[in-house]
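Asks: Okay, here's the structure, questions in a sec.
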Amino acid sequence: MIDRYEGCLVGLAIGDALGMPVELMGVDEIERTYGHIEDMVNAKAGLNSGLLRGQYTDDTQMTIALAEAIIEAGYVEQYTVSGRFVKLDGKLIGPGLGCMTGIKNMERGVPWDRAGSDSAGNGAAMRTAPVALFYHGDPDRIIRATRVHSIMTHRDERAVEAAVITSLTIDYLLDGRDPDELIGYVLKFARNEEIIEEIKKVDSIIKGGIDEGKAIKQFNISGYSVGTLGASLYIFLRYRKSFKDAVLMAVNMGGDSDTIASIVGAFSGAYNGIYAIPDKWISSLKDSGYIRSLADTLYDLSLNPYKPVPDVLDYNLKVIFVGYNPGLESAKKGHFYASNTNRFWRVLYESGILPEPLTYEDDWRMAEYGYGLTDIVKYCTREAAEITDDMYERGKKRLLRILNQYRPKVACYNGKGIYKKLMGLTEVDYGLQKTSAVPGIIDYVVPSTSGRTGVKWEDRLGYFKELNKIIKLLN
């Protein structure tokens with residue numbers, strides 16, 4: 001499996017480097033300037049004139065930044081990722097308008113989830129491979145994490161979904177699953193009509209045996225996310241067994257060649273592994289050893305089934321429920337309060353806070369009712385005592401940043417101990433607090449919903465009912 005991880009990231013960078021000299025050139029211009037590209041060459045003309053063979057561009061730069069952020073935080077943590085992206089300002093080679101708009105906005109202080117442009121470009125899809133590698137085998141978390149990094153630069157739903165399908169394709173291919181079943185698999189996750197039609201078009205072209213020259217003309221390869229996805233799927237499926245043939249087709253067809261070749265390289269590398277990539281390309285690629293090491297680290301991290309649970313957050317929320325850190329069941333399942341002994345979901349319904357009974361699998365729906373979910377510490381442990389001071393302080397800083405950004409009416413802390421430590425208090429009563437972690441936000445403490453809590457059910461329910469009264473008064 002590790003060879004597929006390396007193949008995916010190194011393949012992505014090689015596709016980028018091969019396509020770099022001819023980025024945004026037409027077919028005729030490529031022929032006049034280079035002939036048919038068969039190897040890495042110096043950029044003699046065009047957008048990247050002056051760059052040397054083996055040099056990659058913004059596609060790989062942003063992919064590396066995303067991989068580094070995941071490794072640093074241990075998951076796709078929004079503030080770590082956005083911070084890494086902002087550090088690329090002024091360093092990106094040939095960045096698209098969408099990516100630069102998002103980066104500039106975040107640099108000016110625009111929140112990460114409002115910074116993205118309205119562009120439907122392919123900038124999110126081109127960098128998303130590390131998400132698929134880290135969350136391999138977990139489509140739900142792949143989708144949610146892909147959306148997180150995508151909207152930092154691209155808020156158009158077509159751009160976001162193209163990135164999601166790209167991530168899911170890589171996840172599928174890492175297992176060496178049948179490429180003939182790929183289209184049917186990703187269609188199950190597609191929601192945008194343009195994306196659905198594009199994927200179906202790929203299927204029709206492949207099954208129809210259309211000549212590749214005619215086939216590629218049916219895709220918008222100018223940098224549009226939908227066309228990029230379609231062309232990348234088509235090229236991979238046509239040359240599924242040959243990394244070299246697949247990537248060279250993407251490079252020589254013109255248009256946004258480096259991005260399409262990088263995505264094709266990620267697909268083919270994930271499916272065929274690094275040993276299917278010509279050695280001369282690996283040795284010519286700038287930073288190939290480092291990129292390979294990133295893939296190795298992501299592989300090691302992916303083996304841990306206990307990953308942080310994705311936050312449920314939005315603006316204008318009534319309440320954000322704050323836990324201490326996820327338990328093993330929640331971390332493994334990827335949802336809040338997933339243990340069958342935890343009473344969180346039951347008490348929300350029986351107290352009237354939720355109008356319908358939800359389960360942990362519905363946690364993402366909390367925002368529909370005006371509620372959010374987060375933990376102070378995102379890493380799971382068997383016991384709270386295993387949390388180090390450094391882990392806690394980083395989590396505390398992150399929580400305060402979340403509360404300041406989203407400004408819920410109420411922050412509800414699930415347990416006395418959480419609030420005591422956060423506020424540095426020795427004694428805390430349940431219910432409405434006189435203090436506030438963030439000015440302007442009401443703090444409320446409820447008995448822990450853990451099955452190990454000694455508080456009687458009736459008393460616990462009573463505090464949640466009191467919270468519901470406050471919610472109604474505030475709304």
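Residue numbering: from 1, along the chain as shown.
Glycine too: its Cβ is placed from the backbone N, Cα and C atoms.
Okay, so TrEMBL annotates it like this:
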- THR57, ASP58, ASP59, ASP256, ASP258, THR259: Mg(2+) binding site (BINDING)
- 311-469: domain 'Uracil-DNA glycosylase-like' (DOMAIN)
Asks: Just counting, how many other CB atoms are there within 10 A of the CB of ASP256 (Mg(2+) binding site)?
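Replies: If we count other Cβ atoms within 10 Å of ASP256 (Mg(2+) binding site), we arrive at 26.
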Asks: Under DSSP, is ASP59 (Mg(2+) binding site) helix, strand or coil?
Replies: helix
Asks: Averaged across the domain 'Uracil-DNA glycosylase-like' (311-469), what pLDDT does the model get? Just tell me the whole number, please.
Replies: 95
Asks: Among the binding-site residues listed here, ASP59, ASP258, whose Cβ has the fewest other Cβ atoms inside 10 Å?
Replies: ASP258
Asks: Determine which residues of the same chain, besides THR57, ASP58, ASP59, ASP256, ASP258, THR259, have their CB within 8 A of the center of the CB atoms at the recorded Mg(2+) site, and list them by sequence.
Replies: ASP16, GLY19, MET20, GLU23, THR60, GLY94, MET126, SER262
Asks: Name, in the order they occur in the sequence, the residues of the same chain whose CB lies under 8 A from the CB of THR259 (Mg(2+) binding site) and which sit 6 or more residues away.
Replies: ASP16, GLY19, ASP59, ASN122, ALA125, MET126, GLY223, THR228
Asks: Have a look around THR57 (Mg(2+) binding site) and count the other CB atoms within 10 A of its CB, chains all included.
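Replies: I count 25 other Cβ atoms within 10 Å of it.
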